Amino acid sequence: MINRSVLKIPALVKPLVQALVLVGCTLGVAQAEVGNPRVNQLGYIPNGDRIAVYKASNNSAQTWQLTHNGSLIASGQTIPKGSDASSGDNIHHIDLSSVTATGSGFTLTVGGDSSYPFSISSTTFNAAFYDALKYFYHNRSGIAIETPYTGGGRGSYASHSRWSRPAGHLNQGANKGDMNVPCWSGTCNYSLNVTKGWYDAGDHGKYVVNGGISVWTLLNLYERAQHITGNLAAVADGSMNIPESGNGVADILDEARWQMEFMLAMQVPQGQAKAGMAHHKIHDVGWTGLPLAPHEDPQQRALVPPSTAATLNLAATAAQAARIWKDIDAGFAALCLTAAERAWNAAQANPNDIYSGNYDNGGGGYGDRFVADEFYWAAAELYITTGDSRYLPTINNYTLERTDFGWPDTELLGVMSLAVVPATHTNSLRIAARNHIQTIASTHLTTQSASGYPAPLSSLEYYWGSNSVIANKLVLMGLAYDFSGNQNFALGVSKGINYLFGSNVLSTSFITGLGTNTVAQPHHRFWAGALNSNYPWAPPGALSGGPNAGLEDSLSASRLSGCTSRPATCWLDSIDAWSTNEITINWNAPLAWVLGFYNDFAATQGGSSSSSSSSSSSVPVSSSSSSSIIPSSSSSSIQPSSSSSSMPSSSSSSSSVVASSSSSVSGGLRCNWYGTLYPLCVTTQSGWGWENSQSCISASTCSAQPAPYGIVGAASSSSQAANRSPTLQLSANATGFEGGSMVCCTLHINGAASDPDGDNLTYSWQVISGNTVVASGSSSSASIHVSNQRGYEVSMTVSDGRGGVATETTFVSVYFSDYFPGSSSSASNINSSSSSSSSSSSSAIVSSSSSVVSSSSSSAASGGNCQYVVTNQWNNGFTAVIRVRNNGSSAINGWSVNWSYSDGSRITNSWNANVTGNNPYAASALGWNANIQPGQTAEFGFQGTKGAGSAQVPAVTGSVCQ
């Protein structure tokens with residue numbers, strides 16, 4: 001996304017219509033301005049925010065008029081709002097929420113000033129959604145962009161040969177394409193075929209870090225449609241006009257796969273040093289100039305060394321892809337999951353491979369020195385997809401701090417996936433994630449309400465890519481609406497879209513081709529019509545980076561000097577203003593996501609427009625600034641972290657996001673918050689709080705809302721008291737069993753529930769293996785036979801018949817060797833009544849449990865509850881992990897293990913344990929992983945040099961292993 005080239009041809013001037021915006025035109029003695037009032041230049045939806053912004057010279061209300069195709073249909077008075085800090089403008093608001101007319105050809109006037117024309121329709125943004133998605137096909141690498149596919153999806157704009165081009169970097173030109181790209185000189189001795197993927201931005205580089213968040217966003221758009229709205233038709237096969245249309249797979253998945261296959265190809269092959277890591281990026285070894293089509297690139301290209309950040313981007317997105325393609329293309333899904341797990345193990349072994357910045361000649365850096373958030377994101381995606389509890393410690397021990405996201409800040413990507421994707425083993429994490437998103441989105445509404453123009457940005461947030469910061473915040477608001485039904489979140493999205501499409505200080509639509517006065521000269525090597533008529537201008541739908549007070553390029557710095565006191569004005573529409581006017585995949589991805597959400601919201605027509613100048617349109621938020629999503633290791637309820645003895649209050653500086661089915665904090669009284677019922681807080685005096693494991697609203701804040709909202713119910717009348725949900729405690733464990741043809745184990749399920757209102761309760765439970773329900777029932781307890789070695793998810797729901805429910809989920813690991821360890825080992829967790837068996841059957845089980853487990857990617861030897869696994873090996877090195885599993889019925893508090901090598905192997909570095917010694921070796925728990933609950937596993941790893949031959953698999957000993 002970063003290009004530092006010198007342009008040799010002056011940029012063309014803006015069209016005349018923009019000149020009119022800047023200098024105005026004289027009508028009589030008064031100077032009229034076109035583009036003031038500032039409106040969304042595409043238009044509005046009937047149930048969205050419809051406030052226009054008028055730049056005025058004073059604070060006196062003025063008369064506005066709305067015409068429709070020349071006929072006056074409404075008028076009113078502007079609402080003075082005062083000076084806007086980010087723009088320096090004195091502004092008024094114009095509220096059009098009472099207008100019921102729809103169609104095109106609307107214009108607002110104040111005195112002699114007039115807006116650009118706009119529409120009001122529920123379909124206003126349908127085409128814009130497909131325009132934004134089309135950006136990705138146009139920027140594909142390794143394929144010819146053909147004329148029939150250059151037009152937008154579902155006819156959003158017409159195809160044209162001017163946007164077609166030969167395949168880029170595909171076995172042609174001086175660099176011979178991306179089919180056999182070597183490593184940067186002196187960094188490795190192999191080459192990779194990395195022909196696919198998307199060109200990142202104005203340059204022709206392809207970056208795993210920035211590509212990761214981009215492909216994740218498109219896949220999350222799909223998962224939202226799959227799991228929340230059910231509206232997959234919008235991105236279905238045939239919707240986007242791409243070469244794969246008609247293959248039976250959703251077009252958005254075909255487009256995302258083009259990038260995903262590139263990212264898979266960037267993984268270091270097996271047998272090489274740092275196998276499983278991902279190369280940070282691939283690009284030219286020197287900067288090229290503009291204009292330049294991809295197939296004209298004269299520069300050699302090279303792979304930049306692997307980084308931990310890139311590797312975790314691969315782990316996260318490949319895990320996400322694995323679950324999406326599982327029922328579409330099982331082979332591709334398996335390939336993705338294998339790559340994701342390899343990447344995770346490699347990142348664990350190389351946690352400090354931070355991009356050095358020594359390879360930035362020819363491409364952007366994307367250096368990220370803090371990768372704990374990437375570890376969290378990858379762990380969340382892998383846990384959602386696999387249910388493997390080894391990823392839980394990373395999730396449990398990470399403190400959420402950020403309120404927005406971007407390529408270097410990815411923790412919220414993990415939170416959003418946990419919130420969107422349903423899985424039995426993530427039930428409580430999902431509840432907590434949804435609450436966390438609503439809390440963050442509320443802070444953005446507060447910021448937005450303080451801005452004169454409808455951007456959810458403070459004056460300090462107008463930096464490189466500020467428009468993408470807005471788009472990302474709108475994603476969070478959109479999900480908050482999905483989870484709560486609170487109209488304020490949807491209206492926040494609406495306001496942000498209004499800003500991007502023209503309701504801003506510059507009266508400019510920042511999306512190419514969409515509006516009357518739009519960005520025309522984005523920084524892009526191929527869409528360089530501003531420099532050379534042999535190259536095309538940009539097609540509709542590309543999002544400009546937007547105002548940037550940093551002014552990193554020389555043209556912006558010289559033309560915009562003095563703008564920094566009014567940072568929202570620091571933008572220049574010139575192809576060589578790369579710090580303010582570049583375009584890139586990670587900016588267009590959230591634009592597409594937000595427009596998809598907005599079209600869903602527009603289609604509902606369920607809520608009336610709540611446009612208002614009142615400050616009550618923002619959702620109150622607690623003052624807590626950081627939080628953790630922490631699942632209990634012994635049950636599915638999310639509990640406070642062990643470092644805190646009480647639930648966090650709204651005034652704390654750090655808090656744990658928790659979820660519970662506990663009863664209301666305030667008895668029968670509730671707050672009707674714009675159609676959604678919330679409990680009233682007991683101790684929180686103002687705004688929103690967090691009490692008794694759930695969100696609540698203070699009485700003062702709730703009572704200030706207009707009718708019919710506000711406080712409802714009556715605590716003094718039991719007949720009117722709101723229903724309180726039951727509580728549930730679930731436990732599950734496995735015991736050994738042999739009899740007849742059934743060998744192994746019995747899974748015992750026990751639920752204990754109570755209801756504060758004394759309601760009769762009904763139970764339902766199910767046992768899930770992978771994605772298959774292997775047993776279900778409607779009792780409070782059960783015992784079932786299981787015959788496979790694997791992890792089982794046990795879920796139980798209790799209902800009071802009046803809408804109150806409680807759900808608990810727990811995880812039980814079943815391994816035959818745990819229940820039939822052989823005569824030389826002590827058998828634990830086996831009931832005496834089921835311990836007798838025939839010698840032949842027992843012998844078969846002992847033989848099975850004592851064998852060395854092996855696969856193409858790892859080998860392992862069991863030692864009771866301890867397992868040594870080689871995760872990778874190359875010429876003279878290896879990585880391995882030791883897993884300590886608790887198969888008992890009580891927690892393990894502290895553990896240590898020992899092992900030694902007989903072939904000369906040596907350990908060079910380790911993670912997740914205190915490893916000491918020099919053969920033999922000892923490892924002990926760290927504070928955070930010392931406690932292992934029943935059925936759970938602690939895992940640590942290390943890297944070392946091999947002795948002779950293959951990496952040795954030694955026995956692991958220690959009291960915890962027996």
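Every residue, even glycine, has its Cβ placed from backbone N, Cα and C.
Not measured: the values here are computed from a predicted model.
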Just confirming the record: what cysteine out of Cys696, Cys702, Cys744 does Swiss-Prot connect to Cys671 via a disulfide? Cys702
From Cys745, Cys961, the residue that Swiss-Prot pairs with Cys866 through a disulfide is Cys961
Please report the DSSP secondary structure of Cys866 (disulfide bond), reduced to three states. strand
Mean per-residue pLDDT in the domain 'CBM2' (859-962) works out to 84
Based on DSSP, tally up the residues of the domain 'CBM2' (859-962) by helix, strand and coil. 6 helix, 54 strand, 44 coil
Can you tell me the CA-to-CA distance separating Cys866 (disulfide bond) and Asp203 (active site, nucleophile), as a whole number of Å? 50
In the structure shown, with every protein chain counted, which of the disulfide-bonded residues Cys681, Cys702, Cys961 has the densest set of Cβ atoms within 10 angstroms of its Cβ? Cys681
For Asp203 (active site, nucleophile), the three-state DSSP class is coil
Proximal residue to His523 (active site) among recorded positions Asp203, Cys681, Cys961 (C-alpha distance): Asp203
Going by C-alpha positions, which of the recorded positions (Asp203, Cys671, Cys681, Cys702) is nearest Glu582 (active site)? Asp203
Given Cys961 (disulfide bond) and Cys681 (disulfide bond), what distance in Å do their CA atoms have, once rounded to a whole number? 48
